[in-house]
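So the structure is just underneath, and the comments pick up after that.
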Ligand code: CP3
């Protein structure tokens, strides 16, 4: 270990000792760290400018563009962490699936995965498939200084929901029909996706990501018993695959009030909470030994500054007894939000929690 390397390996000591990393490890912090899911994106005019004319998936494969977009919210808002600019379907595209991200819609898969024969299309992901990720993270960690970079991936269930449905869905009827009706095929599908997801996270950590977040955005559609039986084993496999790196692992989903305990048990160090469950109650559900991340309702940002501050204060009060707290929204930044409201929110959380 060289002088400027941390106990966790690749990152500089200043990154390892940053408020975000400390909060994830449940250590004392100088102030509550803040970042926002979807902080890079259409809410920022500078994002819309550099993305003009470049399709979403193509932009994820250009290291200089990825670097610029990832840095934009750090420069503008002074957030405590960057999140790598990409999308959950990037590794699936990288192994050759015919899919696209349609503006205003989301990921669309040309030929959905519905049968055992379809599984053959899900080959393993190698680092060479996503060499642009390694390159971009190399550029980024040089630019970021002490600010940690969060890598991420879609969790097996949320990826499967797009692959089986063929696109966004409100009911997940095809995915759930497979889960209930052909549990062996479903288990094999999720297992394949777990391997791909784990490989994608490893690439990001090896390249220099300081933490990783597993987005199981749509898993709140499941009852706890079905989560435990049909989804949790695959997510456990992902978390176990990266456990040896010692980087914080965050686990997030929407509408997961009834799943918080299981999502923590799946192997996360930090459990992400949407706005439906107050953080003190979430901590009771999750149990000891985990930090929490969240959980201001993103739509609160459409209200006045005074209302934003009152609601933020409530989140901070509910978080007062937590072992570790990373402030975030309960889900992603909405494209139509005024970015100045986000800058003010970062400042407010920092001053309110300065110790
Ligand atoms: O700043 C960040 O958080 C990093 C970037 C990021 C994107 N996608 C960029 C993006 C992250 C973390 C994601 C993850 C992602 N992608 C999730 C999980 C997070 C969540 O919100 O629950 C999901 C479910 C997806 C799938 C997806 N990709 C959707 C639903 C959409 C929106 C479609 C639309 O146009 O409204 C996308 C496209 C996408 N991914 C955009 C961005 C900035 C918007 C497209 C664009 O800017 O052209």
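Here the Cβ of each residue, glycine as well, is placed from N, Cα and C on the backbone.
Pulled from TrEMBL, these are the features on record:
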type: BINDING; residues: 38, 39, 40, 41, 42, 87, 162, 217, 331; note: substrate binding site
type: DOMAIN; residues: 33-42; note: domain 'Uroporphyrinogen decarboxylase (URO-D)'
type: DOMAIN; residues: 150-166; note: domain 'Uroporphyrinogen decarboxylase (URO-D)'
type: SITE; residues: 87; note: site 'Transition state stabilizer'
Next on the checklist: Between all pairs in 38, 39, 40, 41, 42, 87, 162, 217, 331 (listed as substrate binders), what's the biggest Cα distance, rounded to the nearest Å?
Outcome noted: 23
Checklist entry - For residue 162 (substrate binding site), what is the secondary structure state per DSSP, taken as helix, strand or coil? => result helix
Checklist outcome for this item: Summed over the domain 'Uroporphyrinogen decarboxylase (URO-D)' (33-42), the DSSP helix, strand and coil counts are 0 helix, 1 strand, 9 coil
Checklist outcome for this item: Here the Cα-Cα span from residue 331 (substrate binding site) to residue 87 (site 'Transition state stabilizer'), rounded to a whole number of angstrom, reaches 15
Item to check | Sequence-remote partners of the domain 'Uroporphyrinogen decarboxylase (URO-D)' (33-42) [C-beta within less than 8 Å, at least six residues beyond its ends] | outcome: 18-20, 22-23, 48, 69-70, 72-73, 77, 79-83, 85, 150, 252, 326-329, 331-333, 335, 342, 345-346, 349-350
Checklist entry - Hey, what's the Cβ neighbour count for residue 87 (site 'Transition state stabilizer') at 10 Å? => result 18
Checklist entry - Among all the protein chains here, how many other CB atoms are within 10 A of the CB of residue 331 (substrate binding site)? => result 23
Checklist entry - DSSP on residue 87 (site 'Transition state stabilizer'), three-state: which is it? => result coil
Checklist entry - Far apart in sequence but close in space: which same-chain residues, 6 or more away, have a Cβ under 8 Å from residue 40 (substrate binding site)? => result 47, 69, 70, 72, 73, 83, 85
Next on the checklist: Near ligand 1, which of the recorded positions show up if the criterion is a Cβ under 6 Å from one of its atoms? Options: 38, 87, 162.
Outcome noted: 38, 87
